[in-house]
Amino acid sequence: MQAKTVTIKLDKHCYDIIIGPDLIAQAALQIKHSLKQKNFHQMRLAIVTDTNVASLHLDALQAELTKNKIHTFPIIVKAGEQSKSFSTLQVVIDQILAARLERGDCVIAFGGGVIGDLAGFAASMIRRGMNFIQMPTTLLAQIDSSVGGKTGINSRHGKNLIGAFYQPQCVIADTSVLDTLPPREFRAGYAEMVKYGLINQPDFFEWLEKNGQKIFSNGAIRIEAIVRSCQFKATIVARDEYETGERALLNLGHTFGHMLETATAYDSKRLIHGESVAIGMILAHQFSAQLNLVAPTLINRIETHLKAVGLPTQLKDIPGDLPNAETLMALIAQDKKVSQNNLTFILSRGLGQSFIAKNVPPDLVLSFLEQKLTEIR
């Protein structure tokens, strides 16, 4: 099956997202094409990855690069959201500097969203900006986090509060590696795919309702879904690279979702990012319904689809206790969309009719959270 290419055209930078099977075996050619350097074989590549991906795919990638006389330095961190931290960032930076990689060398993010965010942030800072390539290995990273240049780490005050916009030279999305992804991780990525339909693509959401189960099997339908997702995000990012306007729509479900991730201390046994987005999207639509913006039937339809693929949709689906409404509200107040202490949410007026709601009254949000917590206690 031939690889597909989606191009992101920005004001000062243009790069390709290459999507298809068995791309690890073609990595040297793709990297060389993207970096466009005459002394390519003298370059050194730092491969930042995690323990899970390293055990499954690192040998294959290193063998491909070594075969093409490319020097590699693997940097392996612990798998999981807790690696998006200052301490792990320092380890990655220290190892790249210790290897004496130069600005013209390259950092490869070989993993899921955590690795992409972490490695990209490191690349943005080292020598004021190194070459950077994304090689996402999860569905979530292939359709969302590797596309658009957001990098960063978490803080005890909240998720993704420390970071930078730093675009890669290219994104190489090998769809074959998704066959080794645990079902829970694949479902988590699917939540972000559903999000694109709910933002402003009702036809895509309806297509997912018909074809969603096929995406969980490798084949042409899966690749089509990934390509369509990347095309949608590429269009949004091209119009609003630095999230000053419509790119904020991509945060549908994320205000509530990030709140829940922080409240559960980024504990993957309780919640992972895509799951938090699934619950967050339902909460966003329920809050919209409370404001008389959407009909309850739409919420039921979305929830039915998410449940059909095994995603959590309610607070009661999260193991363990949650903080009280006031504590959750304090976490929302740290959301990166907050401006001049005013709350901003992505809400909905119907299927594929999401919008940016500014100056949302805090008392309405607090009352809504209290109601949701009462339902599970």
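Cβ coordinates are placed from backbone N, Cα and C, and glycine is handled just like the others.
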Task: Candidate from H254, H305 that Swiss-Prot assigns to the same Zn(2+) site as E192, H273 - done: H254
Task: Minimum Cα separation from I115 (NAD(+) binding site), reported as the residue among binding-site residues E192, H254, H273 that achieves it - done: H273
Open item on the list: Can you give me the same-chain residues 6 or more apart in sequence from G113 (NAD(+) binding site) with a CB-CB distance under 8 Å?
Closed with: P136, T138, L140, A141, D144, S145, S146, H273
Task: Close in space, distant in sequence - D117 (NAD(+) binding site), Cβ under 8 Å, 6 or more apart - done: K84, S145, K150, T151, G152, I153, N160, G163
Task: Between H254 (Zn(2+) binding site) and K159 (NAD(+) binding site): CA-CA distance (Å) - done: 10
Task: Residues flanking the Zn(2+) site, with Cβ no more than 8 Å from the Cβ centroid of E192, H254, H273 and excluding those residues themselves - done: L140, D144, A191, K195, G253, G257, G274, S276, V277, G280
